[in-house]
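Enquirer: Got a structure for you, written out below as C-alpha cells; questions coming shortly.
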Amino acid sequence: MKDVYGRELEDLRITLTHACNFTCFFCHMEGENDGDSLLSADQISLVAQIGMEFGIRTVKLTGGEPTLRRDLPEIISKLKEVGIKEVSMTTNGYLLKELAGKLKDAGLDRVNISLHSIDPVIFKEVTGVNVLSKVVEGIEEAKKVGLRPLKLNYVVTRKNAKGIFEFINFASSSNIDEIHLIELHPVGLGKEAFYTHVDMSDIEGRLNEDCTLVEIRNKHKRPRYKCGNLVVEVVKPYANPIFCSGCNRIRLTVDGKLKTCLYRDDKIIDISDIIKSSYSTEEKEELLREAYRLAILIREPNFRFRYETSKTG
C-alpha cells in the first residue's frame with residue numbers, strides 16, 4: 001500500500017528499549033525511561049504480522065541497546081514465525097560475544113554494529129565507556145556465527161572525522177562487508193551535539209579519489225564506494241528531500257506508537273491501547289489494520305523539494 005506520495009511501506013523499525021549501556025554524546029535518545037511501557041514479544045510480533053498485509057517485509061530492531069532485552073531471542077523467533085523475511089538489528093556490540101550464537105539460532109539474519117572509532121581514547125570520548133576490545137570481540141563472534149552481511153555504523157563528528165580512513169582500512173582488513181559513514185543529524189540529543197557536525201563533502205571527495213564509486217542507491221540516492229573488498233556507503237539523511245522521497249520505513253516505538261517519520265512528532269498513531277487490551281485477537285487485528293491505514297494516509301516526507309513558479313504578464 002502506497003502513501004499519497006507514492007512511497008511503498010516495506011520496513012518496520014522497532015525500538016525495543018530506551019536503556020543503553022553506552023552514553024554516546026549524540027545518541028538519538030528517542031525517549032527517556034522504559035517504565036512499564038515495554039511491549040512483549042507477542043505484542044511486537046502481532047504488530048509486525050498485520051504490517052505485512054500493508055507491505056512490511058523486513059524488521060530492524062533498535063534501541064537504546066536491543067541486546068539488553070532478555071527476551072530478545074524470543075522476539076526474533078516470533079518475528080520469523082509470522083513470516084518476516086529479514087530480521088536485522090543495530091547494536092553497540094558489547095554483548096555480542098555472548099549473544100551472537102543465540103540470536104542467530106533464533107533467526108536473526110544480520111547486524112549493524114555501531115563503532116565510531118578504533119582509537120581507544122576517542123572511542124571512550126564518544127561512547128563514555130572503555131570497552132573497545134569487547135566490541136571488537138563481538139564483531140568477531142558475529143562473523144563467526146554468520147550474521148552476514150556484517151555492517152559497521154560510523155557517525156561522523158569532529159571527534160572522529162580524522163580517523164575515518166584508518167577505520168576503513170580496519171574494516172577492510174577485518175573482513176567486514178560494509179560500513180556506513182553517517183552524517184550527524186539533530187534528533188534528540190543530536191540537537192545539542194550538532195555543533196560537532198562535519199560537512200561530508202570533503203570525505204566524499206577523498207572517497208572519489210581513493211575508492212571506486214560503484215552505484216548510487218536507487219531509493220535514497222546514497223553513494224556507495226568500493227574500497228578494496230569493502231563497500232562504503234555515505235548516509236546523509238538530514239534536510240535531504242531525496243532521502244525522504246525514498247523512505248519506506250515506519251517505526252514502532254517502545255511504548256506502542258506507530259511513528260511515521262523519525263524527524264516528526266506530529267504524525268503518530270498510538271496503538272498501545274489496542275495491543276495491550278483484553279480484546280480478542282481478531283478484534284486487535286482489525287483495529288491494527290485501521291491504524292496502519294491511517295498511518296499510511298498521514299505519512300509524508302519531512303523534507304521536500306520546493307518548486308518556485310513565477311507569473312508573467
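Just so it is clear, glycine is given a Cβ too, placed from its N, Cα and C backbone atoms.
Sequence annotations record features per position, and here Swiss-Prot assigns GTP binding site to Arg13, Lys60, Thr90, Lys151, Arg249, Ile250, Arg251. According to Swiss-Prot, the feature [4Fe-4S] cluster 1 binding site maps to Cys20, Cys24, Cys27. Marked as [4Fe-4S] cluster 2 binding site by Swiss-Prot on the basis of sequence analysis: Cys244, Cys247, Cys261. Annotation source Swiss-Prot lists domain 'Radical SAM core' at 4-224.
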Enquirer: Which one is it: of the binding-site residues Cys20, Cys27, Cys244, Cys261, whose Cα lies the shortest distance from the Cα of Arg251 (GTP binding site)?
Expert: Cys261
Enquirer: Just checking: which of Cys20, Cys24, Cys27, Cys261 have a Cα that is within 10 Å of the Cα of Arg249 (GTP binding site), counting only these binding-site residues?
Expert: Cys261
Enquirer: Average pLDDT across the domain 'Radical SAM core' (4-224)?
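Expert: Mean pLDDT for the domain 'Radical SAM core' (4-224): 92.
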Enquirer: Could you round the CA separation between Cys247 ([4Fe-4S] cluster 2 binding site) and Lys60 (GTP binding site) to a whole angstrom and send it over?
Expert: 14
Enquirer: Determine, using Cα-Cα distances only, which of these binding-site residues is closest to Arg13 (GTP binding site): Cys20, Cys24, Cys27, Cys244, Cys261.
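Expert: Going through Cys20, Cys24, Cys27, Cys244, Cys261 one by one, the Cα closest to that of Arg13 (GTP binding site) is Cys261.
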Enquirer: Would you kindly give the Cα-Cα distance separating Cys261 ([4Fe-4S] cluster 2 binding site) and Lys151 (GTP binding site), rounded to the nearest Å?
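Expert: Cα-Cα, rounded: 24 Å.
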Enquirer: Express the distance between the Cα positions of Cys24 ([4Fe-4S] cluster 1 binding site) and Thr90 (GTP binding site) as a whole number of Å.
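Expert: About 14 Å separate the Cα atoms of these two residues.
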Enquirer: Compare the Cα of Cys20 ([4Fe-4S] cluster 1 binding site) against each of the binding-site residues Thr90, Cys244, Ile250 and report the nearest.
Expert: Thr90
Enquirer: Cα within 10 Å of Ile250 (GTP binding site) is the criterion; apply it to the binding-site residues Cys27, Cys244, Cys261 and give the hits in sequence order.
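Expert: Of Cys27, Cys244, Cys261, within range: Cys261.
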